[in-house]
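According to Swiss-Prot, the protein has these features:
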- 14-21, 91-95, 153-156: GTP binding site (BINDING)
- 5-240: domain 'tr-type G' (DOMAIN)
- 2: N,N,N-trimethylglycine (MOD_RES)
- 3: N6-methyllysine (MOD_RES)
- 3: N6,N6-dimethyllysine (MOD_RES)
- 30: N6-methyllysine (MOD_RES)
- 79: N6,N6,N6-trimethyllysine (MOD_RES)
- 316: N6-methyllysine (MOD_RES)
- 316: N6,N6-dimethyllysine (MOD_RES)
- 390: N6-methyllysine (MOD_RES)
- 14-21: region 'G1' (REGION)
- 70-74: region 'G2' (REGION)
- 91-94: region 'G3' (REGION)
- 153-156: region 'G4' (REGION)
């Protein structure tokens, strides 16, 4: 066994009919985690329903349907491998909760793959003014997804026309530039997801195509296929060197062991012997042990779902939504208020100061008041349009001062991304999403346990 490949997360974006499912399905199918039996079963069903030609998309539709019915399908199905990476497709948009998932993102994407339909008229529809594509690309960029690959799909429908491809590259370069990406760092790859052309092996249909190239930190990388472009993603920097932030998902009381908080390490590391602080509870104590899947861990790192045992803390003192951090290294604190950039997605009316919906930020679920609408901004450029607007409505972006109804721990997105983005829920749907720009932290002295005092003396 060589060293385990690095894991990367990709998100696939693009217009409804750009062929995202077929393309993603094809990658998973050819390089992926779907076992032969499942594939044969799907193929048989697809053939019976006369959808044989659709088999790659069909694979994905099956997975999606099962996912939406709440059947947790083996997430391995959404994985595939390149020579360098284990790739996980963390979401395929078109999925109705795509925007919410991107925001509360169970995981941060390292790279976005934008699929553009090359067909006549299709391309134009896909990136028109109100296009979804723009929205998804903008969202990816706003949420810190800094790497992008553009796949120009359905090249078979325009007979692999070189001029068409170049025209699309020119237009798309302008488009991604407006969103914030530097086109020189973006590989543009012509493909046919339907035929699987130029996805994994270089196509023989476009002798004119010399391959893609992109600028990287180290210089330049080149290749021909989509798989090579994914393999050329810059290795992600995992936030192990940041101070610890671990939002609690649950707190258990386990006989003979005591209090065991459980959650995912978002940044930093957690290990036995550390003195940690829970915010906004304001409790400081020592970590006795850390485990994952019932095995002791030397340390938990970002991405690990861990349980850890703490001394002298009762289950009543800490709860889901609290954040655990290192008491000696930028410990987490509660906040009195925070300022965020909020984009209203679908609200039937107008939102004005005083509006108090529920915010989902990391694992916290707390009502927050829109205290002051500070400015309205153009969501395409980020430029200010007016100061202190009276209200905002669907489609608007604004800077808002928010006040939580009870103690809450959040962070600026630039410091700790997973704790700096949120979804606004009201009327059983996501009405807005936001990114936190700054936080007014509250300083309250909390409880320091005997275990923590003892550990501090060591």
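Heads up, the Cβ atoms here are built off N, Cα and C, so glycines get one too.
This view paints the features noted in Swiss-Prot onto the structure.
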residue	record	CB count, 10 Å
14	GTP binding site	28
20	GTP binding site	26
30	N6-methyllysine	15
79	N6,N6,N6-trimethyllysine	18
155	GTP binding site	29
316	N6-methyllysine	9
390	N6-methyllysine	10
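Rounded to a whole number, the distance between the Cα atoms of residue 155 (GTP binding site) and residue 79 (N6,N6,N6-trimethyllysine) is 25 Å.
Of all the recorded positions in the record (14, 20, 155, 316, 390), the one with the smallest CA separation from residue 30 (N6-methyllysine) is 20. Taking the C-alpha positions, the distance from residue 20 (GTP binding site) to residue 316 (N6-methyllysine) comes to 47 Å. Rounded to a whole number, the C-alpha distance linking residue 316 (N6-methyllysine) with residue 14 (GTP binding site) is 46 angstrom. Between the alpha carbons (Cα) of residue 14 (GTP binding site) and residue 390 (N6-methyllysine) lies a span of roughly 34 Å.
Separating the Cα atoms of residue 390 (N6-methyllysine) and residue 155 (GTP binding site) is a whole-number distance of 48 Å.
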